[in-house]
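Chemist: One structure, pasted below without further comment.
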């Protein structure tokens, strides 16, 4: 989403570059070490050949299979890695979970993903979890009326304070039924007022997105098809080619001159 599918997110703060990992919008991002493990193995077998950007895109694709998602997506390769970070521009490109649905749709449309595709990509919230830091504003001092009362009670049991410690392991899962399966339970949950984030619940209330929510809740294959279509577009967002980028030797740092 941020300018290009170019692995800029993976760069650490060093040599005058400020890491995108440290922006509030990327709070909770972790386990970058696995991309580095893959990179090390590839550099050993075929040095200076596979970019970190390609590793990220293909890992996301293959991760979907492990999560029971769409059938194999045929992705192009040949992306180059960025030589810079976009720390100051992350907020401009990445939607916020508190944004209006029109704003979220606009940001995705700016890179060629339509409303149907955006609704599908938000279905990634079928897996994973949310830190209480990003939940408590819906629970305290009063409960957001768009949340099912029983679900709100459960969430307050997970997030017991209106001021959670961001360093503590305090979270709730998006989907408590099929926690590590990418399926359409997410859409069934938000139709039942069990969306974790404001953006999840807005999918149901916005007239532009609600018909797609209903359709995806009823048809898991349709959800997977639309998810695969949108993810392919996302993976091809403004790729760097030729001298625009490089193939990093280590994903956390640009190559030395």
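Just so it is clear, glycine is given a Cβ too, placed from its N, Cα and C backbone atoms.
From TrEMBL, for reference:
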type: BINDING; residues: 2, 6, 8, 20; note: Ca(2+) 1 binding site
type: BINDING; residues: 125; note: heme b binding site
type: BINDING; residues: 175, 178, 183; note: Ca(2+) 2 binding site
type: DISULFID; residues: 52-251; note: disulfide bond
type: DISULFID; residues: 132-159; note: disulfide bond
type: DOMAIN; residues: 1-255; note: domain 'Plant heme peroxidase family profile'
Chemist: Looking at the disulfide-bonded residues 52, 132, 251, which ones sit with their CA no more than 10 Å from the CA of residue 6 (Ca(2+) 1 binding site)?
Modeler: 52
Chemist: Would you say which of the binding-site residues 6, 20, 175, 183 has the most Cβ atoms within 10 Å of its own Cβ?
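Modeler: Result for the most crowded candidate: 6.
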Chemist: If you measure from the Cα of residue 159 (disulfide bond), which of the binding-site residues 8, 125, 183 is the nearest?
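Modeler: Result for residue 159 (disulfide bond): the nearest of the binding-site residues is 125.
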Chemist: Going by Cα-Cα distance, which of the binding-site residues (125, 175, 178) sits nearest to residue 251 (disulfide bond)?
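Modeler: Going through 125, 175, 178 one by one, the Cα closest to that of residue 251 (disulfide bond) is 125.
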Chemist: Could you tell me which of these disulfide-bonded residues, 52, 132, 159, has the greatest number of Cβ atoms within 10 Å of its own Cβ?
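Modeler: Highest number of other Cβ atoms within 10 Å: 52.
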Chemist: Of 2, 20, 52, 125, 132, which is closest to residue 178 (Ca(2+) 2 binding site) if I measure between C-alpha atoms? They're all recorded positions.
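Modeler: Closest by Cα: 125.
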Chemist: Identify, among the binding-site residues 8, 178, the residue whose Cβ has the fewest other Cβ atoms within 10 Å in this structure.
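Modeler: Least crowded of the binding-site residues 8, 178, by Cβ count within 10 Å, is 178.
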Chemist: Measuring Cα to Cα, how many Å separate residue 2 (Ca(2+) 1 binding site) from residue 132 (disulfide bond)?
Modeler: 25
